[in-house]
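Here is what Swiss-Prot says about this protein:
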- 1-24: signal peptide (SIGNAL)
- 25-124: topological domain 'Extracellular' (TOPO_DOM)
- 49-71: compositional bias 'Polar residues' (COMPBIAS)
- 49-101: region 'Disordered' (REGION)
- 86-101: compositional bias 'Polar residues' (COMPBIAS)
- 125-145: transmembrane segment (TRANSMEM)
- 146-205: topological domain 'Cytoplasmic' (TOPO_DOM)
- 153-175: region 'Disordered' (REGION)
- 163-175: compositional bias 'Polar residues' (COMPBIAS)
- Ser198: phosphoserine (MOD_RES)
Amino acid sequence: MGTAGAMQLCWVILGFLLFRGHNSQPTMTQTSSSQGGLGGLSLTTEPVSSNPGYIPSSEANRPSHLSSTGTPGAGVPSSGRDGGTSRDTFQTVPPNSTTMSLSMREDATILPSPTSETVLTVAAFGVISFIVILVVVVIILVGVVSLRFKCRKSKESEDPQKPGSSGLSESCSTANGEKDSITLISMKNINMNNGKQSLSAEKVL
């Protein structure tokens, strides 16, 4: 009779708590006598707090075995056994580790901004390399021009020293003079012949 009455009382209390489920959280505790007699069930209700790390006063003194596995920032379920009774508790962990990991990733992705010293060193290196290239090009051009000038001088110095060049020029000039004299003599002969023919014709008339 004692157990039947206790069960009926439990069902009545559970029905009442279903209507007030939004304002209170039921926790069931079971007590057993050490002498092996019949145990009675008792229900206690405690208000639910909005704090995620809130632990009821009835559960504060009981040992709990929390599992070490779980995702950061989410609830970690843990189960414990005390005096033959099983219970499940739900504990929330603040998401500090996730925020720290995100901040570390953002810091790693941010590239260091170039400073004025690095910009100046890069600019100086570019100017120096440009000047060196210009100097090399000027040296090459000066060498090419000097080589051409030397080649021209050597050719001019070799031309007057060639054997037979003066004789050829003199022979060409004498040949030209002889041609001119021959043409003059032939013209004189033609004129003289024409004069003689005209005189003979006049005499005949």
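The backbone N, Cα and C atoms fix where each Cβ goes, and this holds for glycine too.
What you see is a predicted model, and the numbers here were worked out from it, not measured in a lab.
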Cβ under 8 Å to the transmembrane segment (125-145), counting only same-chain residues 6 or more beyond its ends: which ones? none
Integer average pLDDT (0 to 100) for the topological domain 'Extracellular' (25-124): 55
